[in-house]
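Q: Supplied in structure tokens, the structure appears directly below.
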Amino acid sequence: MASLCLISILTSRFLSVRKLRLIACLRPQWQRQDTFTAWCNSHLRKAGTQIENIDEDFRDGLKLMLLLEVISGERLPKPERGKMRVHKINNVNKALDFIASKGVKLVSIGAEEIVDGNAKMTLGMIWTIILRFAIQDISVEETSAKEGLLLWCQRKTAPYKNVNVQNFHISWKDGLAFNALIHRHRPELIEYDKLRKDDPVTNLNNAFEVAEKYLDIPKMLDAEDIVGTLRPDEKAIMTYVSCFYHAFSGAQKAETAANRICKVLAVNQENEHLMEDYEKLASDLLEWIRRTIPWLEDRVPQKTIQEMQQKLEDFRDYRRVHKPPKVQEKCQLEINFNTLQTKLRLSNRPAFMPSEGKMVSDINNGWQHLEQAEKGYEEWLLNEIRRLERLDHLAEKFRQKASIHEAWTDGKEAMLKHRDYETATLSDIKALIRKHEAFESDLAAHQDRVEQIAAIAQELNELDYYDSHNVNTRCQKICDQWDALGSLTHSRREALEKTEKQLEAIDQLHLEYAKRAAPFNNWMESAMEDLQDMFIVHTIEEIEGLISAHDQFKSTLPDADREREAILAIHKEAQRIAESNHIKLSGSNPYTTVTPQIINSKWEKVQQLVPKRDHALLEEQSKQQSNEHLRRQFASQANVVGPWIQTKMEEIGRISIEMNGTLEDQLSHLKQYERSIVDYKPNLDLLEQQHQLIQEALIFDNKHTNYTMEHIRVGWEQLLTTIARTINEVENQILTRDAKGISQEQMQEFRASFNHFDKDHGGALGPEEFKACLISLGYDVENDRQGEAEFNRIMSLVDPNHSGLVTFQAFIDFMSRETTDTDTADQVIASFKVLAGDKNFITAEELRRELPPDQAEYCIARMAPYQGPDAVPGALDYKSFSTALYGESDL
């Protein structure tokens, strides 16, 4: 009995397990039938009807044809209203024929099975309809139908935690994926953070209820069935999810349109910002040039060396402090202009035309005028300093010689006018005659000094000395006095000779003394004058010449000393004879005022001046040796820096032509090259310091080098500008390549073609070279009428200014336009039309709703009011705005 009970219990349990398994197997089919029924009713509701049993209500074919008309928007053939089986089969066949006309292959599905209520065939037919009209048109990134719908779900749910959509069955069991789809598009409907992964029934019911209430998506699935099924029905899930896709597809289109407009507006705003920056930088640079040129063109000379040296120091400050930043600004301005034009071309915008007078060519012309004025100004300063230095030297020499002459002539007129011969004895008369002869000798000796004074005054006049009036006045006074002395001398001689017969000869010794003492005295005065004479030299050779002349003078001193001793011996002999003969002399020698004491005093003065002259010459020799050292030091550095700059310029030219490797490799190589050039700047600074020492030492020439500081500066500025332009060209090529989608191989092919026909490696092609290049690339530009017309059209694109040259950048722009596509005005108009809901105008409210705030306000501020017949208050014309963005009309 116990055994029978145990068998009964085991049998009942086995039957229960089989029943549960059977129910689990049937659940996907139930889910699919319920989902398909709900899907059909969501469309039939629009026609005012619905179905309850999918395999029964479609048997007569009437609701099936109605469903196809609703979902396709097309009219089917008129159905047959009869109740007979043949009428029903005909209606179903019309529906099946319509499905087949849409490119759908119906395998093993016939009208008889549908009319007979075959549930499997009916569900298969409905799934075919769903695939064709609800899922097949879904397209996401070149994938369609099931793959496209799955990719769309993955993209939309990617940011959400605990959601990983990999299929259309178990990925949806916990309900989080449905909630994530709704929250992604309508975040106000779902509080996603409050959902729990371990409560799938609540999650599913929440998504289904929200979709039905707010999104007009009917409830097609049952939460308990999905949770209770090991693998939910894939087709049921796909059908339900496709409803979400279609519900949100409108928002997707608006988002795409808004993104396109935002992209276009962002490019336009960036370009306008670059234009404003260019205008401001160009205005500032031109204003600086306008203020600086009049200062450099000012050629009003100053009266003193100190004032001119201050002008030179101001000019050095301009060169060291004020000009270098402006050189950088000019280079940056050209780079900004080229970058802006490249961006405008890449975004299919019209080229930027700066304000009148602010073109790059205008700035280059102004800069050239500035450099011409600068070069002339420096030459004028140096020449003016030399002139003033020469004038100061001549003026001092004039004053010194004039003072000596005036000291000599002091009292001479009174002496010549004295009538002492009227009461003199014979011996006194003879003495007066001899004295007068000595005076005439002295007067003749001073003739040379007077001529020198006049010559110096004339030279000062020719050099436009600022105090020429006083110099001329003093010179004229000396000349007038000299003429008067000549006249008086002649008159006195006649008076003395008249009474000469009555006088006796004067002592020959005194006479001989007077005759020899006067020239010797004059020689000593000339020697003292020469020893105190100022000198100015600029080279070692000049100072060595002065030293040699001084050494020759010193070699004559022993002879002069013997002459001095001989003259003093004559005086002593006269004294000895007078004393031996008891002759009473009347004091000093009557024939001359040059006493032995004067001779000795002046000789002693000459002896003192000789070592002073030695010291002055040695100091000047040391100075010139120091200057020579500065010359050699500067020349040594300049002869290294100058060739280095020339070599780098040649290397940059070679790099810009060869351009090996990828553009990024070329850019990296050029920037490393630029850093090596910048690292060489301390050598230039050292050269500037050495040049400043030369300027301060007033060294005006250097035979040891052909390089001047001006050459070095210009070469350095050209080197920096050339490397910066080459880097900018490569950056623009990268920008063109990335924006236009040009491959590295295409860029290398373009470069190889360009370099092949650039025979002179000048970086530009002439018309014939460019035509040969186009022919090699496959363009039909042969020398017939059609080919010439096509070539002229292409030349107008690559050489709009008709310069006769095609640069590599223009060549790249042309090839990128020929091989790639860009946004157009029509595309932007179509995007605005989506945002406007197919209207011919758009409102400010719609712009603020669809676009970011700054770009929405940008559009509102620039869109003109819409003037069409369907205009409403506040309507804006987005069509004219879009064409203006691409230069097809005025913004």
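Cβ atoms here come from the backbone N, Cα and C positions, even for glycine.
From TrEMBL, here are the annotated features:
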type	residues	note
COILED	429-463	coiled coil
DOMAIN	30-134	domain 'Calponin-homology (CH)'
DOMAIN	143-249	domain 'Calponin-homology (CH)'
DOMAIN	745-780	domain 'EF-hand'
DOMAIN	786-821	domain 'EF-hand'
Q: What parts of the chain pack near the coiled coil (429-463), using Cβ distances under 8 Å and only residues at least 6 beyond its ends?
A: 387, 390-391, 394-395, 397-398, 401-402, 404-405, 408, 412, 415-416, 420-421, 471-472, 475, 478-479, 482, 485-486, 489, 492-493, 496-497, 499-500, 502-506, 510-511, 514-515, 518-519, 522, 590-592
Q: By DSSP, what is the split of the domain 'Calponin-homology (CH)' (30-134) into helix, strand and coil residues?
A: 71 helix, 0 strand, 34 coil
Q: Using DSSP, what's the helix, strand and coil tally for the domain 'EF-hand' (745-780)?
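A: Helix, strand, coil within the domain 'EF-hand' (745-780): 23 helix, 2 strand, 11 coil.
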Q: What are the helix, strand and coil residue counts for the domain 'EF-hand' (786-821) according to DSSP?
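A: With helix first, then strand, then coil, the domain 'EF-hand' (786-821) has 25 helix, 2 strand, 9 coil.
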Q: As a test of reading the model: what is the averaged pLDDT for the domain 'EF-hand' (745-780)?
A: 76
